[in-house]
């Protein structure tokens, strides 16, 4: 190989390696041991990690890997949207730390909805347990992808895209969601815009929604 060609070849190899590494940087870190049960107490000290530090293996128990949180239906009565999400993430199940998975249960009142939201950290696989749901997501090009999903059927929401579910009948419904992250995160679209502190400027919201400023914030007459 000619000496002048060497820098070009090295650049191509480095570019390829970086391309292969990029998908790995987008998800939860891989495990370097059998398990890493979350040590919640460590957060009281100066140590901070992308996740939680590990408890010593000899101090772990079966209960670190167990939870019955999804066995109890959520109470939809006090929720204006008519849905309740019960999460089983690393915050509640310490054994999920570094595992790259978590689950949630969603209970829906008759005609209730899980309003538009995103999960910045994970894709979602939704399985309907009871009833039927109208579901959908919106692509970055503005295309709406949606359909009805019935009991025993599933639907996938790609990572980071705005999506929703709605109970389409007068009976309660329920679903289980699985995520490829120990802590997928949830950002509700309406709450993010209207309950932020300090608040988002009214004129910004008005321009974003293409409405009058007075429809976002009462005007002084």
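Just so it is clear, glycine is given a Cβ too, placed from its N, Cα and C backbone atoms.
In TrEMBL this protein carries:
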type: SIGNAL; residues: 1-26; note: signal peptide
type: DISULFID; residues: 36-54; note: disulfide bond
type: DOMAIN; residues: 68-217; note: domain 'Cupin type-1'
type: BINDING; residues: 114, 119, 124; note: oxalate binding site
type: BINDING; residues: 117, 119, 124, 163; note: Mn(2+) binding site
Pairwise Cα distance for residue 114 (oxalate binding site)/residue 54 (disulfide bond) [Å, integer]: 34
Residues close to oxalate site centre defined by 114, 119, 124, Cβ within 8 Å: 104, 117, 118, 126, 157, 163, 177, 179, 184, 186
Residue, out of the disulfide-bonded residues 36, 54, whose Cβ gathers the largest set of other Cβ atoms within 10 Å: 36
Distance from residue 163 (Mn(2+) binding site) back to residue 119 (oxalate binding site), taken between C-alpha atoms, in Å: 9
Rounded Cα-Cα span from residue 36 (disulfide bond) to residue 163 (Mn(2+) binding site), Å: 32
Per-state residue totals over the domain 'Cupin type-1' (68-217) - DSSP helix, strand, coil: 24 helix, 58 strand, 68 coil
Of 114, 117, 119, 124, 163 (the binding-site residues), the residue whose Cβ has the fewest other Cβ atoms within 10 Å: 117
Rounded distance in angstrom between the Cα atoms of residue 36 (disulfide bond) and residue 117 (Mn(2+) binding site): 30
Additional residues surrounding Mn(2+), by Cβ distance to the 117, 119, 124, 163 centre under 8 Å: 118, 137, 157, 161, 162, 184, 186
Cα distance (Å, whole number) from residue 117 (Mn(2+) binding site) to residue 124 (oxalate binding site): 12
Between residue 117 (Mn(2+) binding site) and residue 54 (disulfide bond), the C-alpha gap once rounded to whole angstrom: 31
